[in-house]
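Some features that TrEMBL has for this protein:
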type	residues	note
DOMAIN	B:5-341	domain 'Aminotransferase class V'
BINDING	B:41	L-glutamate binding site
BINDING	B:76, B:77, B:100, B:148, B:167, B:190, B:232, B:233	pyridoxal 5'-phosphate binding site
MOD_RES	B:191	N6-(pyridoxal phosphate)lysine
Ligand SMILES: Cc1ncc(COP(=O)(O)O)c(C=O)c1O
Ligand SMILES: Cc1ncc(COP(=O)(O)O)c(C=O)c1O
Ligand SMILES: [Mg+2]
Ligand SMILES: [Mg+2]
Ligand SMILES: [Mg+2]
Ligand SMILES: [Mg+2]
């Protein structure tokens with residue numbers, strides 16, 4: 001039985017993408033060679049890389065605006081480090097809105113001063129801090145658009161005169177935004193873009209070259225940019241499958257089209273959480289994430305029944321992260337509305353049983 | 001037509017591995033979920049990671065000897081950096097035997113003093129330097145077991161009292177060695193182990209913890225070891241496919257069995273290069289690599305004919321690296337002896353035509 005996959009990441013991808021990626025592992029476009037056996041310097045792979053980079057910019061509306069896209073290795077966690085190495089000279093401002101934000105602060109602190117402009121840690125990160133000031137003499141401001149673990153999402157971004165950096169790992173390509181307000185965006189592929197193993201970095205080139213430290217080659221955005229994202233052997237399968245997913249999104253109508261679907265799924269999910277007396281949402285309502293809905297089951301005695309019902313319905317990956325407990329329904333781009341309907345039915349069936 | 005794939009990396013993998021990896025992208029072991037859609041914290045994936053780590057140690061004969069295996073991201077190029085960050089306090093010795101060795105030196109120099117114990121750069125790296133001394137008060141000695149671009153291979157390794165570090169990217173799992181002479185071995189997967197996108201690092205744990213600098217989490221071997229190679233989201237497809245390839249090698253009889261095959265392929269290849277008057281080997285005979293045979297066609301006028309014949313025979317990836325020119329036949333573990341036979345036939349057919 002095909003599952004309803006609510007996993008928080010790695011997570012569901014479009015079935016047609018899985019099929020095409022699977023075929024390419026045996027034979028890429030009837031070339032007689034597997035995708036993973038060819039040289040990354042071959043025309044076939046260079047074309048794939050270039051297409052992936054171009055599609056990322058196109059979908060974000062950043063073509064011809066001074067931005068370049070890179071597909072790097074190391075996960076978003078390596079970006080915590082690369083952002084600081086490439087951009088932090090003296091002091092930077094960070095918004096501490098969740099576990100990943102806190103980790104980005106920890107890594108940057110190795111290199112220089114970090115100022116937490118605001119934090120929601122005291123409330124176990126159940127809301128997005130607002131109303132803070134960002135000093136205009138800082139090197140940059142860093143924030144996390146969607147807090148995967150806690151299920152909160154930034155609905156607006158601060159206007160600021162310094163470079164704006166955003167970790168969009170768990171909501172990139174899910175909603176329309178003016179992406180040109182950001183100077184650097186990064187996102188691990190394994191939510192809305194592809195398999196784990198590559199990280200998209202979109203950089204406005206003019207923010208680079210302003211720090212005095214010597215940057216190791218593999219950590220240097222300029223090095224990767226100068227080599228067309230192929231300074232060393234790229235993670236070919238992850239890049240190819242990301243390219244397929246971006247193509248799928250473009251064919252659907254781009255971010256504006258998927259945003260409508262994502263809104264429908266989130267509305268259905270949160271209305272069940274709110275109306276069903278057995279469940280309670282974790283995140284403050286105004287900051288609720290359209291990607292990850294976090295909620296708890298109020299009556300512990302019903303836990304076993306609920307989880308058996310989930311299993312019988314083929315629902316996978318609903319367990320909450322240990323820092324929040326309860327459940328987390330991750331509703332990434334590729335999750336069909338039908339999967340949310342199945343989950344909501346199970347929740348209301350539990351109510352009728354209770 | 002299925003090709004004869006002599007690509008230097010990414011390169012040929014066993015057909016049964018490609019098939020199984022391809023199936024897993026659609027459905028992993030009849031779970032109803034794709035390999036690339038499941039949580040890396042799921043039992044299914046944790047089992048895959050643990051199996052890959054255990055197989056690597058088992059095949060190298062390093063079980064129960066104080067070693068641990070990691071599957072990291074970033075390619076071997078990131079290891080140039082991590083080795084220095086984790087082990088270089090004051091001074092290290094490096095053997096400059098090729099382009100990759102030179103790059104490892106360049107990255108390490110950012111952190112501290114590096115002493116090139118010997119170099120073959122003046123002869124365009126066509127041999128392996130020998131007869132050098134390694135000061136016993138250095139932090140470590142670093143060498144490259146196989147120089148992919150130039151087709152040279154170390155047949156012996158220096159006895160030394162300091163930690164011995166080896167980049168085995170292009171010949172790991174290809175020949176029997178006493179692997180316990182090394183304290184740290186690393187290898188990008190994309191030659192003998194799997195697809196690009198993961199790097200195997202095998203570490204004798206007691207060499208760690210001796211430098212004073214603060215190491216960023218993603219660059220810290222201790223952090224990765226403490227998290228079972230899952231500090232952050234691992235590159236699941238690359239790890240799974242590497243696991244399949246290691247399993248394939250174990251079922252064949254391990255390194256000792258494949259070594260015999262590799263010797264047959266290399267013998268056939270080099271005897272054609274030597275006996276055929278049209279071709280000339282690049283590397284000094286005693287240092288010839290069993291993985292990458294580099295050679296030139298002496299008569300430029302025959303180039304077009306030769307390359308047409310190669311194409312007609314379905315031979316792929318034979319072009320030499322630009323720093324050497326000519327041709328490079330990479331004969332990694334998964335390349336069948338038959339492919340070498342086909343290549344050798346083309347070469348001797350050229351001779352009969354000429
Ligand atoms: C918002 C956010 N940032 C960073 C990360 C870390 O990503 P990676 O595991 O690729 O290092 C995650 C992982 O889930 C995330 O959700
Ligand atoms: C011996 C050796 N070391 C290092 C590298 C660099 O590996 P990567 O591209 O994974 O960074 C290569 C690549 O071919 C290599 O052959
Ligand atoms: Mg701005
Ligand atoms: Mg409720
Ligand atoms: Mg030793
Ligand atoms: Mg000859």
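Just so it is clear, glycine is given a Cβ too, placed from its N, Cα and C backbone atoms.
Worth saying up front: this structure is predicted, and the values here are computed from it rather than measured.
Feature annotations (TrEMBL) mapped to structure.
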| residue | record | DSSP class |
| --- | --- | --- |
| B:41 | L-glutamate binding site | coil |
| B:76 | pyridoxal 5'-phosphate binding site | helix |
| B:100 | pyridoxal 5'-phosphate binding site | helix |
| B:148 | pyridoxal 5'-phosphate binding site | coil |
| B:167 | pyridoxal 5'-phosphate binding site | strand |
| B:190 | pyridoxal 5'-phosphate binding site | coil |
| B:232 | pyridoxal 5'-phosphate binding site | coil |
Local Cβ density at residue B:232 (pyridoxal 5'-phosphate binding site) - other Cβ atoms counted within 10 Å: 21
Binding-site residues among B:148, B:190, B:233 whose Cβ lies under 8 Å from any chain A Cβ: B:190, B:233
Distance-selected binding-site residues near ligand 2 (C-beta under 6 Å), from B:100, B:148, B:233: B:100, B:148
Winner by Cβ contact number (other Cβ atoms within 10 Å) across the recorded positions B:41, B:191: B:191
Listed binding-site residues (B:77, B:148, B:190, B:233), ranked by Cβ neighbours within 10 Å, top entry: B:190
Taken over the domain 'Aminotransferase class V' (B:5-341), the model's mean pLDDT: 97
Distance [Cα-Cα, Å, rounded] between residue B:233 (pyridoxal 5'-phosphate binding site) and residue B:191 (N6-(pyridoxal phosphate)lysine): 23
Filtered binding-site residues, from B:148, B:190, B:232, whose Cβ is under 6 Å from an atom of ligand 1: B:232
Recorded pyridoxal 5'-phosphate binding residues, B:76, B:77, B:100, B:148, B:167, B:190, B:232, B:233 - maximal Cα separation rounded to whole Å: 30
Alpha-carbon spacing, residue B:190 (pyridoxal 5'-phosphate binding site) to residue B:41 (L-glutamate binding site), which is rounded to whole Å: 25
Rounded distance in angstrom between the Cα atoms of residue B:41 (L-glutamate binding site) and residue B:232 (pyridoxal 5'-phosphate binding site): 10
Distance, residue B:191 (N6-(pyridoxal phosphate)lysine) to residue B:77 (pyridoxal 5'-phosphate binding site) (CA atoms, angstrom): 14
Whole-number Å value for how far residue B:191 (N6-(pyridoxal phosphate)lysine) lies from residue B:76 (pyridoxal 5'-phosphate binding site) (Cα to Cα): 11
